[in-house]
Amino acid sequence: MMSKIVVRGGRRLEGTVRVHGAKNAVLPILAASLLATEGESVICDVPLLDDVLTIRQVLQTLGAKAVIGQDSMTISAQQLTSCEAPYEWVSKMRASFLVMGPLLARLGKVRISMPGGCAIGTRPIDQHLKGFEAMGAIITTGQGFVEAAAPGRLKGAKIYLDVASVGATENIMMAAALADGTTMLENAAKEPEIVDLANYLNAMGARIRGAGTGLIRIEGVNKLVGARHNVIPDRVEAGTFLIAAAITGGDVFVEGAIADHLGPVISKLQEMGVKLTEEDTGIRVQADRALRSVDVKTLPHPGFPTDMQSQMMALLLVSEGTSVVTETVFENRFMHVDEFRKMNANIKVEGRSAIITGGVPLHGAKVTATDLRAGAALICAGLVADGETEVGGLHHVDRGYVDIAGKLAALGADIHRTADEVEVQEIVEPIVLSSLRKSAEADEVHVAAAAASEEEGYKAEEQVAVEDVEPTLA
Ligand SMILES: CC(=O)N[C@H]1[C@@H](OP(=O)(O)OP(=O)(O)OC[C@H]2O[C@@H](n3ccc(=O)[nH]c3=O)[C@H](O)[C@@H]2O)O[C@H](CO)[C@@H](O)[C@@H]1O
Ligand SMILES: C=C(OP(=O)(O)O)C(=O)O
């Protein structure tokens, strides 16, 4: 039996919840660690998510060491043994494609599976490839793979992105950090995770200016070395808890939430009548009266984040009046609408907009997370629905939330996760790692064991430098 999260609605959330490190920051940061030819990188505040375990597998497949510690990961990438990122991992998680820039810059060649589309949209990679080509890479695609070679070295270039893509900005920034000459990246994405990646790359010895604005200047350097870095708190997880608290009329302190990263979410919640107070170490959310409906349009940062759209929709379901939610970033990010309807929600979709008639009572139902944020949104709706809501499809939720049920239960929600027999039997390593999620004490024991067995593995295994390996590219 696949596990489910079971919520019984009606409890008001109260207390403090701590936000983990940001999934969307740690994934590119771990990919960027491949650029270090000397020294180790120690990445702190690493959330132990399934996506993090996936990128770790990718790094290991390429020959890097990636040892999990207590909320941290230590990466040594001095000797890479492969330039190929296989289908197995890239198909599992699109962000695996972020190793393309580092591998191309570092090794001059890469073979990587095409990430393909996913539930929320087709998600092309044309802007990533356009950037690499402008830097002199020769790219061929076929049989589900992208192969690229940069004879000599990548060259700095002026690159204009047709869409301000987060992933393309990150991939190009990482490649340009080791290129010959200066890259000017125009219409770059401005998300806080891009600033975090640039800070890490600069700590490794890169020369990047302007991250967080639409124009990023990257002066290529000859060498990057391992560095220590603390990942920023997860603004989407923080925003999810702001909404979970607000939907129950609760009073919660979201520790680690950074108001600057949550501007549009905070503004919309305030328009609705939610009280938010910025404190030194986080944000307090209080919602003690009926909420007003608002219209929301998703946009690239600093606009309203698409990753908060479904959670916001859950809150709009319980507010008075009619709201229009328009999704402009992904063409297919309304799959949660049908699931909300199972809970009695009144939503009409017209093209890229969803029209929500709020204030209709929600009823518990069996629903499925259609993507990661949809899962979080359904859990939020379950917190106020009458009766029991059973949320399945938790493999999506586990990609991006560390123990969401445990955190909500600690705030007073009536919520639990059922055991997960099939997944536990099928996935060997994540068993150890998911048990790490259970308690801080267990964490220490298992982390020590995992690290020790890994160290032994390294000793036993003969390391082969990538230069000694037959090129895998045609
Ligand atoms: C791991 C990670 O950080 N994921 C985030 C990242 O995804 P990701 O980096 O994949 O998202 P992008 O910013 O690239 O995508 C935004 C839009 O640009 C389009 N596009 C993108 C690349 C390209 O080469 N061509 C193109 O047309 C996409 O199809 C999409 O419509 O940003 C998204 C938008 O904020 C978030 O929802 C994801 O949570
Ligand atoms: C869409 C998301 O992630 P990804 O880009 O990894 O699919 C998300 O975090 O909501």
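Our numbering is plain: 1 for the first residue shown, then up by one each step along the chain.
In case you wondered, yes, glycine gets a Cβ from its N, Cα and C as well.
Automatic prediction, not curation, is the source of TrEMBL annotations.
For the recorded site, Cys118 (active site, proton donor), the DSSP three-state label reads strand. Among the features that TrEMBL reports, active site, proton donor is placed at Cys118.
According to TrEMBL, the phosphoenolpyruvate binding site annotation covers Lys23, Asn24. If you draw a 10 Å sphere around the CB of Lys23 (phosphoenolpyruvate binding site), it holds 26 other CB atoms from the protein chains shown. In the three-state DSSP assignment, the secondary structure recorded for Lys23 (phosphoenolpyruvate binding site) is helix.
TrEMBL lists Arg94, Arg123, Pro124, Ile125, Asp126, Gln127, Asp307, Val329 with the feature UDP-N-acetyl-alpha-D-glucosamine binding site. Pro124 (UDP-N-acetyl-alpha-D-glucosamine binding site) counts 15 other C-beta atoms within 10 Å of its own C-beta, drawing on all protein chains shown.
Residues or ranges marked as compositional bias 'Acidic residues' by TrEMBL: 464-474.
The feature domain 'Enolpyruvate transferase' is assigned by TrEMBL to 7-408.
Look at TrEMBL and you will find Cys118 tagged as 2-(S-cysteinyl)pyruvic acid O-phosphothioketal. Counting every protein chain shown, the number of other Cβ atoms lying within 10 Å of the Cβ of Cys118 (active site, proton donor) is 14.
For 452-474, the entry in TrEMBL reads region 'Disordered'.
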Spatial neighbours of Val329 (UDP-N-acetyl-alpha-D-glucosamine binding site) that are distant in sequence (at least 6 apart) but have CB under 8 A: Thr298, Leu299, Pro300, Thr306
Across every protein chain in view, the count of C-beta atoms other than its own within 10 A of the C-beta of Asn24 (phosphoenolpyruvate binding site) is 26
Which recorded positions from the set Cys118, Ile125, Asp126, Gln127, Asp307 come near ligand 1, judged by a Cβ under 6 Å from any of its atoms? Ile125, Asp126, Gln127, Asp307
Expressed in Å to no decimal places, the gap between the Cα atoms of Arg94 (UDP-N-acetyl-alpha-D-glucosamine binding site) and Asn24 (phosphoenolpyruvate binding site) is 11
Do any of the binding-site residues Arg123, Gln127, Asp307 touch ligand 2, in the sense that the CB is under 6 Å from one of its atoms? Asp307
Smallest Cα-Cα separation from Pro124 (UDP-N-acetyl-alpha-D-glucosamine binding site) among the recorded positions Lys23, Asn24, Cys118 is shown by Cys118
Neighbourhood of Asp307 (UDP-N-acetyl-alpha-D-glucosamine binding site) by C-beta distance under 8 A, where only residues 6 or more apart in the same chain count: Asn24, Val236, Arg373
